[in-house]
Amino acid sequence: MSSFMLAIDQGTTSTRAVIYDVAGESIASGQKEHRQIFAHPGWVEHDATEIWNNTRAAVGLALAQANLTRHHIAGVGITNQRETTVVWNKLTGEPLAPAIVWQDTRTQGFVATHEADGLATVIKDITGLPLTTYFSVSKLAWILENVPEARELANSGAALFGTIDSWLLWNLTGGPDGGVHATDVTNASRTGLMDIYSCQWSTEICSELNIPLSMLPEIKTSSGHSGICHDDQLLRDTPITGILGDQQAATFGQAVFTPGAAKNTYGTGCFLNLVTGNEPVTSSEGLLTTVAYQLEGQPPVYGLEGSVAVAGSLVQWLRDNLGIISTSAEVEELAASVPDNGGVYFVPAFSGLFAPYWRPEARGAIQGLTRFVTKAHIARAALESTAYQVYDVVASVQTERGEDTGALKELRVDGGMCVNDGLMQFQADVLNLDVIRPKNVETTSLGAAYAAGLAIGFWDNLEALQSLWKEERRFTPNMDADHRKELLGRWNRAVGNTVGWLEPLA
Ligand SMILES: Nc1ncnc2c1ncn2[C@@H]1O[C@H](COP(=O)(O)OP(=O)(O)O)[C@@H](O)[C@H]1O
Ligand SMILES: O=P(O)(O)OC[C@H](O)CO
């Protein structure tokens, strides 16, 4: 009777529920967008209650579309935008404040203070992450310091912290009525609070920042039993057996399991994930040390990540803030209406620059403007900026790995933006590598379904999952080396001009 897996994919812009069959084919889905709240420059917030309501609605839509009930669902997997920080009252279930989204830069002061006092170095050594505004730690510290009653509730044990997976798991399993307060090791590895070697919360960092351990969720494996949907849920009695951060889920969904293999996901942001093995590898090239996945009863598998903050969200910005396109897909036609970028370079440092630069004080710029330039050149430069940012991350990976340890020979891609053929060809051209797109580009939800399905024997093992992966199209490089050099040289100069923008004027 239970012949399907259901994945909840809670992303930065929307929440999806996707139902998969045993062949890894999506048979139905439901999707709901949520509001992006920009209260001040640099702030990005979500309403956690809206996200929870959307999750339930998306599950209902998917079940209805498939004409199925909970009895047909063998297990649930959760995947989520990572780092985004929710603190809620465990007695009422109410969030104490809007969720602070991973893109939010309000905690720059916290970062500067702890760079100066040396805590940033301690955090980097323990967690594998640089101290930037991106990770949960500074967001949680901000809430404890600035939200009325947060400190008091936290000290009394009544406030809980979680990334979005924890928030959804707690609500799905009963909320104030005995909800499970847990996360998985991949999400925990993005908080800036987890010891990357022991995969436990760092008591040293928590004590330095006065964060009560009682408010942190239990860290579980990515594939394994996490809880059972509560009686008041549409999915009641259905087990939740997989949790992964969305980039780790996309890696899993691309069947990228073994050391040296990598994928690149083009969504709101863009994230390259490389699997490295059972020991954490630290990077001197601006890549993050992170956990790729952990199966039940097995040691964690680590990875390196190159995180780019702005990719698809720049297309949304062209649509919503400039109004030069009316749908994201229209950017393809507009960009293709001109033969090149007309000399325009767009550095979308809206949240500072992430990998490999980690410059929170950088801000965005459109450069190379002349009266010749049209909105089509701006659209083209916006798309090209994603490919250049990925180039910078891949260059770091290649330097880090070196030829002998296995530099990347090709790149598997996925995510909502990779349906853009022009962008994928340009990506192959600037990387000078084959870019390979699978049949299912919604690998994030697929990865969560895989992790949850493995735990209950819906799929047998990683090899079975590997056999489900299918190539749809391969983009091969077709650009003259001198031309590539010229484009990348201009891009480097443009990036250099955005760095330091917020620094005080002399
Ligand atoms: N044809 C297209 N060309 C470029 N970008 C696109 C295209 N279609 C969608 N996008 C962008 O892809 C992103 C959606 O990707 P998705 O993987 O669903 O994101 P997320 O999981 O981060 O919410 C949006 O930011 C959208 O602007
Ligand atoms: O919502 P996405 O898919 O852009 O992913 C967000 C990332 O998890 C942020 O680290």
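Glycine is treated like the rest: Cβ placed from N, Cα and C.
TrEMBL entries are annotated by machine, without manual review.
So that you can see what the record holds, here are the features copied from TrEMBL:
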- Thr12, Thr13, Ser14, Thr268, Gly312, Gln316, Gly416: ATP binding site (BINDING)
- Thr12, Arg82, Glu83, Tyr134, Asp246: sn-glycerol 3-phosphate binding site (BINDING)
- Thr12, Arg16, Thr268, Gly312, Gly416, Asn420: ADP binding site (BINDING)
- Arg82, Glu83, Tyr134, Asp246, Gln247: glycerol binding site (BINDING)
- 5-253: domain 'Carbohydrate kinase FGGY N-terminal' (DOMAIN)
- 263-455: domain 'Carbohydrate kinase FGGY C-terminal' (DOMAIN)
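Recorded features from TrEMBL, shown on the structure.
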residue : record                               : CB count, 10 Å
Arg16   : ADP binding site                     : 24
Arg82   : sn-glycerol 3-phosphate binding site : 28
Glu83   : sn-glycerol 3-phosphate binding site : 25
Tyr134  : sn-glycerol 3-phosphate binding site : 30
Asp246  : sn-glycerol 3-phosphate binding site : 31
Gln247  : glycerol binding site                : 30
Thr268  : ATP binding site                     : 27
Gly312  : ATP binding site                     : 22
Gln316  : ATP binding site                     : 16
Gly416  : ATP binding site                     : 20
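In space, Arg82 is the closest of the binding-site residues Arg82, Glu83, Tyr134 to Asn420 (ADP binding site), judged by Cα positions. Taking Thr12, Glu83, Thr268 as the candidate binding-site residues, the subset whose CB lies under 6 angstroms from any atom of ligand 1 consists of Thr12, Thr268. Between the C-alpha atoms of Thr268 (ATP binding site) and Gln247 (glycerol binding site), the distance comes to 12 Å.
Filtering Ser14, Arg16, Tyr134, Gly416, Asn420 by Cβ distance to ligand 2 (under 6 A) retains none of these binding-site residues. Taking every pair among Thr12, Thr13, Ser14, Thr268, Gly312, Gln316, Gly416, the residues listed as contacting ATP, the largest Cα to Cα separation comes to 13 Å.
The distance from the Cα of Thr12 (ATP binding site) to the Cα of Arg82 (sn-glycerol 3-phosphate binding site) comes to 9 Å. Under 8 Å, Cβ to Cβ, and six or more positions away along its own chain, Ser14 (ATP binding site) finds Gln31, Lys32, Glu33, His34, Asn54. When the alpha carbons of Gln247 (glycerol binding site) and Gly312 (ATP binding site) are compared, the span between them is 15 angstrom.
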